[in-house]
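Marked as domain 'DUF4396' by TrEMBL: 110-253. Here TrEMBL flags 33-53, 152-171, 191-212, 224-248 as transmembrane segment.
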Amino acid sequence: MLNLLAVFLVCSGIGIAVHIAIDLTHRPQSMKIMNAVWILTALWGSYLALWAYNKFGQGAPMKMGGGEMKMDMSDMKGMDMSDMKGMSMSGMKGMNMDMSMGDMSVKRPHWQSVALSALHCGAGCTLADIIGEWFTNYIPVTVAGSQLIGNWVLDFILALIIGVYFQFYAIREMERISAGKALSRAFKADFFSLLSWQIGMYGWMAIVYFVLFVNEPLPKDTWIFWFMMQLAMLFGFFCAYPMNALLIKLGVKKGM
């Protein structure tokens, strides 16, 4: 029964990630890095991620930039182009010059802004854990005589590298500052957020290993393992949400 539930939810996460990826080709995020964030979130968030995406994540449809430039050329037949000198744009009726790809300054409810900031952090953790867990499945890493600690150390290092990059990318999109300053701010903004996420994730996986599956192995190439990882990411989100709310309040991070 548990295996069937695991297959259903893991496959649902993959399917929803594909659905969101397709939707993003028509409704791209105004902040490009959020395209990757929503796809990665769907892998563990499944139907919750789909609800969140539809509720406050879906971008506006592409307009001129996506092939929706409207201009009635029949109105220009026989027009002397010299007559257009000094013509204001407001006089060009029938032409839709809206090139927006979504308003990057959309005012969101506070809880949505905090949730997006937490998901942004969690996306880096998700990608790091996927890479790290599959890597250690074939090439075990041991720290202090423990493969589990080795896995977690590797996952944390990868999550920090990827998370800081995601944060750096977001900062550079929002502000025109030097790469060095953006990198410094990205590290400060992401470290505590990532730490809180990983604490929640490691806490759940500790329960999995030392309580739920203490008497039986849990191979990493099984559906149940990745279902447990989905739940671990959910616990990570629960821990990262209040931390992100605090970081935004203190001005360390900017709300999404």
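For all residues, glycine too, the Cβ spot is worked out from N, Cα and C.
Cβ atoms under 8 Å from those of the transmembrane segment (33-53) belong to residues 9, 12-14, 16-17, 19-21, 23-24, 115-116, 119-120, 122-123, 126-127, 130, 166, 169-170, 173, 229-230, 233-234, 256 of the same chain, restricted to positions at least 6 beyond its ends. If you average pLDDT over the domain 'DUF4396' (110-253) in this model, you get 92.
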